[in-house]
Amino acid sequence: MEISEELDAPEVKKFLRGKAPNLEVLQDKKLKGQLSVREEFYGISAKAAAKAAKWLMPSEGGFLEAEGLEKTWRIKQEAIAKEVDVLSSRNQYDIVLPDLGPYTVDFTSSGRYMAVAGRKGHLAIVDMQNMNLIREMQVRETVRDAVFLHNELFFAAAQKKYTYIYNRDGTELHCLREHGAVLKLQFLKNHFLLASINKFGQLHYQDVTTGEMIGNFRTGLGRTNVMEVNPFNGVVALGHSGGTVTMWKPSAVNPLVKMLCHHGAVSAMAFHPNGHLMATSGKERKIKLWDLRKFEVLQTLPGHAKTLDFSQKGLLAAGTGSYVQIFRETESQNYSRYMGHSMAKGYQIGKVSFRPYEDVLGIGHSMGWSSILIPGSGEPNFDSWVANPFETPKQRREKEVHSLLDKLPPETIMLDPSKIGTVRPSKKKEKPTKQEREANKEAAVEAAKGITMKKKTKGRSKPSKISKKKQDNILRAKRPFLEQQTHEEMSKKQKLISENKEELPVSLQRFASKKPKS
Amino acid sequence: MKVKVISRSTDEFTRERSNDLQRVFRNFDPSLRPQDKAVEYVRALNSAKLDKIFARPFVGAMDGHIDAVSCMAKNPNYLKGIFSGSMDGGMLLMLRRRTVCRFRGHDGAVKGLTVSTDGRILVSCGVDKTVRLWDVPVATLTDSSDSSDKTPEVLLINLAVDYQWDGDLFATSGARVDIWNRNRSQPVNSFEWGTDTVISVRFNPGDPNVLATSASDRSIAIYDLRMSSPARKLIMQTKTNSVSWNPMEPMNFTAANEDCNCYSYDARKLDEAKCVHKDHVSAVMDIDYSPTGREFVTGSYDRTIRIFQYNGGHSREIYHTKRMQRVFSVKFSCDGSYIISGSDDTNLRLWKAKASEQLGVLHPREKRKHEYHAAVKNRYKHLPEVNRIVRHRHLPKPIYKAAALRRTMTEADRRKEQRRKAHSAPGSIVTEPMRKRRIIKEVE
């Protein structure tokens, strides 16, 4: 079957990156011609991409379908293990390390390597393809978090006092003292920025290529360890104990967005890879899904989550206690339960993280780490130039050079990254109509009349004084409206004069009449 | 229960033998590439910077003359051959940046050089009142000693010469325009219009019977060989030093004027220039079109060479070196990738037409990369940072100052005109567009 020729077909539309502008309004013929040629090229390339996606993608995604009376959320991992091939069933395991937990996990962007950090100082890097332990070490102090930097050669660990950067061999490369006692780390891959939040609620951004401290902001909202990066635009979001979520960029002192999400403290947060959906969970036992274009709640799910994560295909994992629940988007755009998994022996889950490009969920818990199969969670087709799980050292070196050349400046972090290179539309203030202005004035006067006077002593509450004060209040309420009215009249007059001026030659304009023409 | 999970065996995704190429898999899904616009912008910025880093347009200087280079000709039949004539009468044949032969051309300055379209005959004229026809040596370099064979004697000094495109005729100009056949020693035809000297002549590449000349009476004239008298004439306020026809749109030509500007005209409509190309700060001495017809090169008395788009008001490139003096002749090479300039300092200089172009055979991947860079740069050229880097040129101090002064003067003129207009009766002062302002009249 051929791809339909229309650009409106959903498989083509995905590659178009937005609608075409309306060229009919343009006056400039040359520009119009150039732009229409460019639009044509966009269409051709979108169609070519759709065709390539249709025919050249080697693998199809995973799935789990219930038959008859079965329910997908009742299917156990043991049952799945029996059905899948040996290679995949190897991805179900529990590593039990009772002494050094609880553990957190982090994957590289290609999903090949995993860094695990035990609270009591255990750091390890594992090659997930052949389950090779690449390096393991004991730093002998508290480790709160560990993240990979741009590739598997470097990782940062938030330790008791400072944050350290290690290479793959476990050699300490840098000690980042300025960050303080960090609770949570995040790495912005395109910008080469390491973001951290410390015990005092200070957010730091450090450029790992130059070592320069890009930003250092006091959130002023207390201690938190809930921090996530929106992969769509690089904005860092923090969840606070007061139930607010703030979003930050390194070039502004104040948060871009401050939203009250929960009545209890925010306990976990996750971003959908397309950047339009955020999941938060609060201590008042609610999980909320937010539309980040309108900043509105889309859905409220019952339950509590200590940790949340979105997969590449948009599955949502929520871990609480010893139970992981997976939600999936249904046809009606709502998230509903898809799968669940109980940890053995009540191990307490600290962190869930989907492995990119695989149908695997990594779980860090109090007694080690585990991995379970979640069919349909990962992107089945990787792009060798974006993230390659089968990368050779030579390819990795080349990619490192290219990604450094394409390193984005910190100013490119903004809520809507498609704004770059576009013209800012001029803002026009909407004027209130006359009726609205009158109504506002009436309301203000009514409010002024309604003010009750305090009872005061020594003749200051005489009826005459009270009535005078009331009159004053009313006048004060009216004043801004009257001022605005006079101002408008003045500007109308000015406009009239300038109109009269325009008809005269420049040299005579200063003699223009200030009266309206009859 | 039906279940399937992603399972990749290493064999399917890696190469079989170490001699094989690495396997590449593509997924064009936009959600895998967040912030693609920002990445493209950074790439545009980087490619603009790389262009600046690699901008090394000067290829080399070729010496050999003992006086200023007055004229040059390129061999249309052989890409690497250049002929040049000098003020002392010496002539050089250059091949691949080396002087192949050097000989005495004329007594006194050589003023004009041209090569026939088949590349066999070189015609030179000079102030010694002769026009000489030379056999061009064949590219094998074996018999480089050529002899001047025919020397039609003329009694007038000739200042320019040009060969007809694909024909036997050539034209010389001086006190009058003479049309010669290469097999005869007397002119076939001669034209005279006014008394002043004709300083340049160029045949039309499209219609071999049409030629354009410029004269020191500030006129540009168009002649048709099929008619007995000249066809049309245009008089401007200043002298035109040279004209060049656009080889791809042969009805259009560009005139290099003494007033620092170049004027593109449509030969059918001489009452208004199609475009005025400004940027030089002194008289433009010579002009030559690229074979693609999309751009042309000018050499100026201000010691710089500039490259203009055929429809661009300002130059896209300026070339200068410390040692290059006043430029008297410039040529685009026949493949459009090099520029040759001859200047007062007795040297010929070879330049790349695109300053940052990579020379040599390009790998297809390299070519695609260059194309990608050009495309992103074009897409983000309006953004201030990219625009600034792309536009920036280092200028010698005198030229920078002269350009600033000229800008101030034109701005002051404009303001004065504006004020005068504002204080006069409406419609009494009409601003003529720059395209018309320098034209005095057109004579049929």
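Here the Cβ of each residue, glycine as well, is placed from N, Cα and C on the backbone.
TrEMBL annotations: computationally assigned, not manually curated.
Long-range contacts of the repeat 'WD' (B:103-144) within the same chain, counting only residues at least 6 positions beyond its ends with a Cβ under 8 Å from a Cβ of the stretch, are 67, 70-78, 81, 83-91, 93, 95, 150-167, 170, 172, 174, 180, 182. Among the features that TrEMBL reports, repeat 'WD' is placed at B:103-144 (among others).
Cβ atoms under 8 Å from those of the repeat 'WD' (B:277-318) belong to residues 57, 241-249, 252, 254-264, 324-332, 334-336, 339, 341, 343, 351, 353, 355, 393, 395-396, 398-399, 402-403, 406 of the same chain, restricted to positions at least 6 beyond its ends. TrEMBL lists B:277-318 (among others) with the feature repeat 'WD'.
Residues of the same chain lying 6 or more positions beyond the ends of the repeat 'WD' (B:320-361) and with a Cβ under 8 Å from any Cβ of it are 50-63, 65-76, 79, 82, 84, 86, 94, 97, 285-292, 295-305, 307, 370, 395-396, 399. Per TrEMBL, the feature repeat 'WD' maps to B:320-361 (among others).
As annotated by TrEMBL, domain 'Sof1-like protein' applies to B:353-439.
Counting residue by residue with DSSP, the repeat 'WD' (B:320-361) contains 0 helix, 17 strand, 25 coil.
For the repeat 'WD' (B:103-144), DSSP puts the residue distribution at 0 helix, 20 strand, 22 coil.
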